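Q: Feature annotation from TrEMBL assigns ATP binding site to A:Gln84, A:Gly102, A:Glu103, A:Gly104, A:Lys105, A:Thr106, A:Asp491. Feature annotation from TrEMBL assigns domain 'SecA family profile' to A:1-569. Annotation comment: TrEMBL describes A:86-246 as domain 'Helicase ATP-binding'. Annotation comment: TrEMBL describes A:413-568 as domain 'Helicase C-terminal'.
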Amino acid sequence: MLSSMKKFFQEGSKDLKRIYKFVEDVNRLEGKYERYSDLELSGMKDRFKSVLDAGDILDIQAEAFAVVREASKRVLNLRHHDVQLAGGFVLSERGIAQMNTGEGKTLVSTLPSYLHALYGNGVHIITANEYLARRDKELMGQIHEFLGLTVGLNISQMGPSAKREAYAADITYGTATEFGFDYLRDNMVYRREEKVQRGHRFAIVDEIDSILIDEARTPLIIAGRASDGTELHQITAQIMKTFIENDDYEIFIESRSAYFTDQGASKIEEAFGIDNLYGMEHQELLHNVTQALKAHAIMKLDVDYIVIDGKIAIIDKFTGRVMEGRSFSDGLHQAIEAKEGLEISEENETQAMITVQNYFRLYHTMSGMTGSAMPSKSEFQEIYQLPVIEIPTNEPIIRVDEVDLIYKDETSKINKIVTEVKRIHDGGRPILIGTTSIEQSEKISVQLEKGKIKHQILNAKTEEDEAEIIANAGQKNQVMLATNMAGRGTDIILGNDVKELGGLHIIGTERHESRRIDMQLRGRSGRQGDPGSTQFIISLEDDLFDYYDEDEIGRYIKKIKTDENGLVLSPAPDKFVKMVQETVEQMHQSSRYHLLKLEHALNEQCKIIYTMRDRILGMEPGRMSAILLEYIEKYITRLVKYYPEPDSSAFIEELSPVFLSLGWQASDLQDLEGQIEGKALDALGELESRLVIFQDDAEWGNQVRAFMLQHIDTNWMNHLDEMNSVKEGIGLSGYGQQDPYALFEKAALSQFNLLLSKIESEISIRFMEYMESNQEDAAALEGEER
Amino acid sequence: MSLFGKRDNAAPDVHELLVQDDTVHTALMFHKGWEISKQEEYVYKFHHQRLPALKPNQISISGIKLTRVEDDVIIVAFLRNSIEKAVRFDIVDLLLVDGDGKFLAKKTFDLTELGEIPALSSMPWSFLFEEGDMLAESIPDEGWKIAFEWKRK
C-alpha cells in the first residue's frame, strides 16, 4: 500500500512521508475495527476522550480515523479511500487539501471532524450554501451519530434557541455567512445567556478558496436605523443621467471606480449652490454623489445586480446567482435603486461588521478543502499560514484539456462555440457550457436557438433545484448553459453510454479573472477517472481584457494575424492570454492585501471591544458596581493626565458632575488649589461606599450592565462609521513618500483611543447624572415624609 | 399690501451680491424650528437652485413637492422675498391651481409663527390642504402651482 501511495504523490517532502506512514497505520487498523460490534465502535468515543485528557491528539489520530472509516462502511456503505485518509490527515493538521471534484470531499471531512469533536469544544463544518449544509448533515451526520456524537444544522431563519442547540452539538454544519452573522449578533446581546455560539475551536471550510479569496471584498454587516436620504438619492441619480463619460467623470475599470472631472464637480456645485464639493462641510453630499456615480457608471444591470419584484438583488460574480439577503453597503444600494427608479429602501447604519476572513481567524484551528487552491498557494501561506497539499486523485485523470481558441471578437467566438456544440452534440456527447454571467448565458442561448440546438439554461431559483438540474448535465444529448460555479458541490454523473462516447465535454466561454475558477469549471468533467474533455473558446473582447492596460491590448491587437473565421493565430495568443490573466489575478491579489491591511487594525480593535463586552456580560450582578467604578476611575485618571495643571478651572468644570452627584455644592469646589486630584479620588471613594447598598440588588446590577453595554455599543458603531470614511480616504489620496498603511494605523489608533475615552466619560457622566437625579428624588421624598 | 408687514429696521446690505442684472437670486434660509437632516438640506438646496431668479421687490411662493396623506395633500413651497428688507407674514390665503389656472384648492393660513424672512431670502415651509379645502375632484401629481390669493381692499 505504501508503494501505491508513493506513486500517487509526485513530489517528495517530509510532509508527504508522514502522510504515507499515517495512511499505512490506518490501513493496518482496518482489520481490528472490522471485528468490533456497533456498540464497541460507538464506545470508542469515551476511550479516545480519556486519552486526549491526558495525552496528545496524535496518540489517537490513526485509531480515530480507522473507527470513522469502519462506521462509514457500516452506515453508508462507503469506505474511505487512501487518498481520502490523506486528505483527512491534512485537514486535521491545519492545512488545505486540494482535492479534485468527485473525490468525495464531504466524506473526507468526517475523519478530522470526529477526531476534533472529541475535545468537546465543537467542530464547525462550513459548506458553500445551505442546501449543501443540510445535505451533508443528513448524510454524513449518520456516521457521527452512529459513533455517539451529536450533529447540528445551523441555517438562517432559525430562532436563537434552535441555533443554541445546533451549536451545542459536537459537529455543526452551516454556511460561512451564517456563522459570521451569529458571531456579530452574539456580540450585540445584553445577557450572556442570549449568545448562541460557544467558541471557535476547529473549522473545516469547504471551497476554502472561494470563502477566503473570492468573497474577500464583501464584509458581513449588521445594520440598523434608517436615515432619510431618499429624495437626495433620487436627485443625484437624475443628475448622473445627464453626465457624460470623460467630460463629467472618468472610469477606472481596473479598480471599478469612477471619479468626477473638474467639470463634473462644478456641475454638482452649481446644482446645489455650493462652493466646493470637496469641502469638509459637504462630505455627506460628496459621499452621496460618489455612490450615485458608481451606480450610474460602474454597476450594471443583469451583471452586478438584477431587479426582481421592484427590488435590487446582488448577483454573485462567481456563481451568477442572486446573493440572498445581501445588499450593497454604504448607500450604494439606495443609489442603484434611485438609478433604476425603484422605491428606495431604508438606508442603514453599520452596527457590527466583520469580514469572513477575520471571522475564520478566530478559530483555534482552521482547515479547508477545495478543488482549486494551488494557484493561490502562496497567498494562503502568507496570509493565513495554511499550507496547501495537493492530494492525488483516487483514479488517474484521463480528461483531455485542449488548448484555448482565442478569437479576435465576440461574434467570431460565439460562431465557433455554436459550431463546436453542433459538432459534438451530433455525436450525442453531453456538453456543459460555462459562462461568467446570466447575461452571457442568454446571449449564447439565442445563437444556439438560431442553430436549432436544443439546450437548457441553468437559471434556477434555489440551490436545490440548481443541484438537481446540473446533476443531469452528464446525460446523453444534453446541452446545458450554466454560470461557472452554478451547482457547485454537486457531482455531474455520466449517463448510460456516455463514457463510450468520450464523457462530458466542457466549453468555457471566457477566461475568468481567477485561474482557480477556470480549474473548477474543468474539474466538473473527468471525475473519478471518467473520460472527458474541456476547452476554452474566448475572444479578445471578453471582460478579462478590460482589466488590462488598454494601450498594451491595442498594441497586441495591431499585430495579430487571424484566419478567415477570426481565430487569432499569432503572435502567441495563448501566451498573451496567460499573461493578461496572471496580471489581473495579481492586481486582485494586491487589492485583497490592501483591504486586509486596512482591516487588520479595525479587527484588532473589534476584538478589544468585544472582550470589554464579554467581561461585562460575564460579571455577576453584585460585581457590577465594582466594574462601573473602574470605568469612572479610568475616566478621572485620564482627565488628571490630560490637564497638566490640575487646578485649572476647565478641569474642575469637567469633574463637576462627579462632585455634584455626591451632593456637593458648587461652593465646596472653590479654593481647591493643590488638592483637586486628591479630592477627585476622595469622591470616588465616597461613591464606592454609596454603591455598597446595591451589592445584593441583582436587578440594579443588570440595569447597570445594560446601561454600560449600550454606551459601548453606540460608540463602537459610530467608530465603525468613522473608520469607514477614513478607509475611503486612504484609497483616494496620494501620500507622497508616506506609507498609507502606517498612516491609517496611526489614524485608527488615535480614533480608537478617542473611542475608549468617550466610552469611559459617557458612562461616568451619564451615571453621575443618574446619581444626582436620584439624590434629588431621595431628598424630595424625605421632604414629603416630613 | 396688507398681506405682510414690513419690519422697520433696514436689512443689512450683505446681500448686495445677490442682486445682479436687475434680478435677485435669493439666499436659502431655514426656519429655526425646522429640524432637518443634512440630506434634506441638500434636497432643498437643489430645489432652491432651480428656482427662477426674481425681480427686485417681490414676494412670491414656489411649490416644490406634493405629498398625499390619505385625502389630504401637503405642499412644500419656498416663500421668497426679493425685497432688501426682512418681511413677516400674518394671515394669507393660498391657492392650488392647475396648468390652466383652474382652482384646485384654497385655504387660509396663519403664518405668524413663520417669523421673519430676511431680506433677499427664500425659506421652505409646508402647507397642509385638507379634504375640505379641495375645490376640484382631484389634484394632479404634475403641473400644479401654489399661489397667493391677492385680496383687493
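The first residue you see is number 1, and the count goes up from there.
In case you wondered, yes, glycine gets a Cβ from its N, Cα and C as well.
Curation does not apply to TrEMBL; its annotations are automatic.
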Q: Express in Å, rounded to the nearest integer, the largest CA to CA distance found among the ATP-binding residues A:Gln84, A:Gly102, A:Glu103, A:Gly104, A:Lys105, A:Thr106, A:Asp491 named in the record.
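A: Spelled out: the longest distance between any two Cα atoms in A:Gln84, A:Gly102, A:Glu103, A:Gly104, A:Lys105, A:Thr106, A:Asp491 is 17 Å.
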Q: Pick the one among the binding-site residues A:Gln84, A:Thr106 whose Cβ has the fewest other Cβ atoms within 10 Å in this structure.
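A: Among the binding-site residues A:Gln84, A:Thr106, the sparsest Cβ neighbourhood within 10 Å belongs to A:Thr106.
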Q: Relative to the Cβ position of A:Lys105 (ATP binding site), how many further Cβ atoms are located within 10 Å?
A: 24
Q: So of A:Gly102, A:Gly104, which of the binding-site residues has the fewest other Cβ atoms within 10 Å around its own Cβ?
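A: So among A:Gly102, A:Gly104, the binding-site residues given, the one with the fewest Cβ atoms within 10 Å is A:Gly104.
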Q: What residue among the binding-site residues A:Glu103, A:Asp491 has the most other CB atoms lying within 10 A of its CB?
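A: Of the binding-site residues A:Glu103, A:Asp491, the highest Cβ count within 10 Å belongs to A:Glu103.
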Q: Restricting attention to the domain 'Helicase ATP-binding' (A:86-246), give the mean pLDDT.
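A: Here the predicted model's pLDDT, averaged over the domain 'Helicase ATP-binding' (A:86-246), is 90.
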Q: With an 8 Å cut-off on Cβ distance to the A:Gln84, A:Gly102, A:Glu103, A:Gly104, A:Lys105, A:Thr106, A:Asp491 Cβ center, who else from the chain surrounds the ATP site?
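A: Along the chain, the qualifying residues are A:Met99, A:Thr101, A:Leu107, A:Val108.
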Q: DSSP three-state call for A:Asp491 (ATP binding site): helix, strand or coil?
A: coil
